[in-house]
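**Student:** This is the structure, below, for whatever I ask next.
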Amino acid sequence: MEQPSIYNYSWVDFVFSVIGVFTFFVDWGADVWVATEFYRRGDFFWFGVLVGLMVLSSVLVQMFSWFWLQYDRGLPDLQTGGGTVLFGDRLRLSCLLHVLQLGFLCRHISAIRQGFRVWWRKEEGSEYAFYLSHDLSMLRLIETFSESAPQLTLMIYVMLRTQRARAVQFVSVAASTTSIAWMVVDYHRCLRSFLPDKARQGWASSLIYFLWNLLLIAPRVAALALFASVVGGYLGLHLLLLWLVFVTWAWLQRTHFMDSPGGEWLYRATVGIIWYFSWFNVAEGRTRGRSAIYHAFITADGAILLVTWWCCREPVQAEPYALALLLTLLLSYLLGLLFKSLYYCCFHPTLWRPPAREPGLPDDLPDADVTFRHLSIQDGAPASRPLNRRMALHAADFYSARTS
């Protein structure tokens, strides 16, 4: 099958790779700075919680990176084409780097190295550059919901408990929330790269997708922080119970993202964390039904969280902002659902899978009915160029709509 134009690596792609490394160091530095501030002020409990979140998130990301490195060692085209992760061909050294929590950084450096070769030196290998960038997009999404979202909840909780907040803290909360929503958009654009060019995500589609994620994630995080401000450690029990429900649901959907049973259970456990904050499609078929079930569940859960906060709050401290905050969260959530409905009605492409044959399909299929360009990879056919199979299959699941 002829390969599409996805492999035209440009200077924009290279810049995004550089920005990825820059944000990696900025995020790491910000985490260290916040942890240091907690320690200096004697807030050793919050210092421990923050460091714990950083360590757990880093270990989770490194585990995914290591699993994928092992899976990709069996791909001869990737190994001989210069598309390997830095030190990926040296097993012991690569293992040591992942133990030292440097595997994610090595992937960023590898993406820059390969991108520079393709863009500046005009060497072949665009497909390898995209292979690396697709993995990075997924790893950044995992880091976002395993570290950034919990840290944002912690930040808002501390502000509520101490009843003290500086302007820089409000700016930090707004920036963190925006960053989380944008990372979801970036991941979605990565998935769209596996669809035909006509289905690429335009600016209008990106804006709508960003807005509904921002308007749904923000009240979710705020509701969790408000609940924690009146019940304290019971938020951990709440997280555990919902996480078990979500992991079970992911198992029932028979996910197949990883290439080993252990890796697949790690993925399902991670999906449980992501679902605690935001919707994330993981299985083949129409997404609207599962999305409706998820949002109905999260809406009911959010209502319980906010009612608990309202009944248990300290009226003297919370009265000046309680009603306004409650109405703002409700309005934000309703607007988020509205924008999401608008996106799925007008912008979301559906992967149409022909029952028998692919050749001879018309070239003027509408955006809502497109054919997955790498369907032959999913069916086990060999490819002339390397393809990030796990991300391609995930894109197929995300957009698929089976026909009889």
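Just so you know, glycine gets a Cβ as well, placed from its N, Cα and C.
Just lifted these from Swiss-Prot, have a look:
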{"type": "TRANSMEM", "residues": "14-34", "note": "transmembrane segment"}
{"type": "TRANSMEM", "residues": "44-64", "note": "transmembrane segment"}
{"type": "TRANSMEM", "residues": "167-187", "note": "transmembrane segment"}
{"type": "TRANSMEM", "residues": "206-226", "note": "transmembrane segment"}
{"type": "TRANSMEM", "residues": "227-247", "note": "transmembrane segment"}
{"type": "TRANSMEM", "residues": "263-283", "note": "transmembrane segment"}
{"type": "TRANSMEM", "residues": "292-312", "note": "transmembrane segment"}
{"type": "TRANSMEM", "residues": "319-339", "note": "transmembrane segment"}
**Student:** Cβ pairs under 8 Å only, please: of the recorded stretches 14-34, 44-64, 263-283, 292-312, 319-339, which one is richest in them relative to the transmembrane segment (227-247)?
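**Tutor:** Most Cβ pairs under 8 Å with the transmembrane segment (227-247) come from 263-283.
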**Student:** So, taking each listed stretch (14-34, 263-283, 292-312) in turn and counting its Cβ pairs to the transmembrane segment (44-64) that are under 8 angstroms, which one gives the highest count?
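**Tutor:** Answer is 263-283, with the largest number of Cβ pairs below 8 Å.
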**Student:** Going through 167-187, 263-283, 292-312, 319-339 one by one, which has the most CB pairs that fall under 8 Å from the transmembrane segment (206-226)?
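**Tutor:** By the under-8 Å Cβ criterion, the transmembrane segment (206-226) pairs most with 319-339.
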**Student:** Using a Cβ distance cut-off of under 8 Å, indicate which of 14-34, 167-187, 292-312 has the most pairs with the transmembrane segment (319-339).
**Tutor:** 292-312
**Student:** Which residues of the chain, 6 or more past the ends of the transmembrane segment (292-312), have a CB below 8 A from one of its CBs?
**Tutor:** 219-220, 223-224, 226-227, 229-231, 238, 242, 275, 279, 322, 326, 329, 333, 337
**Student:** Do any residues, 6 or more residues outside the transmembrane segment (14-34), come within under 8 Å Cβ-to-Cβ of it, and if so which ones?
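**Tutor:** 50, 54, 104-105, 108-109, 111-112, 115-116, 118-120, 129, 133, 136, 140, 147-148, 151.
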**Student:** By Cβ distance under 8 Å, which residues at least 6 away from the ends of the transmembrane segment (167-187) in the same chain are close to it?
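**Tutor:** Answer is 137-138, 140-141, 144-145, 148-149, 151-152, 155-156, 159, 206, 209-210, 213-214, 217-218, 221, 278.
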